[in-house]
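Chemist: Following this message is one structure expressed as structure tokens.
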Amino acid sequence: MFNHSSVCSKNGTCSSPDTCVCKKGFYGPRCEKFDCYGLLSTSNRVCSSNGTCQSPDRCSCNNG
């Protein structure tokens, strides 16, 4: 089961039960966290407060 696609948030591989090896730029127990230019992706200050962080260091800007 530890090789199921949802394990490690699809951002890493499971090397053994309860152990993820994250892809570059991802971290956390399940590789569920990443940063955008030094800020946690969920911060309200990310992308200069004008967009959302889609993946490590990749912003998607709001319209307008």
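Backbone N, Cα and C define each Cβ position, glycine as well.
This is the feature table in TrEMBL:
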{"type": "DISULFID", "residues": "Cys22-Cys31", "note": "disulfide bond"}
{"type": "DOMAIN", "residues": "1-32", "note": "domain 'EGF-like'"}
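So where do these features actually land, and what's packed around them?
Modeler: Taking Cβ-Cβ distances under 8 Å and a sequence gap of 6 or more within the same chain, the neighbours of Cys22 (disulfide bond) are Cys8, Asn11, Gly12, Gly28, Cys31.
When pLDDT values are averaged over the domain 'EGF-like' (1-32), the model yields 87.
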Chemist: Using DSSP, what's the helix, strand and coil tally for the domain 'EGF-like' (1-32)?
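Modeler: Tallying H, G and I as helix, E and B as strand, the rest coil: 4 helix, 11 strand, 17 coil.
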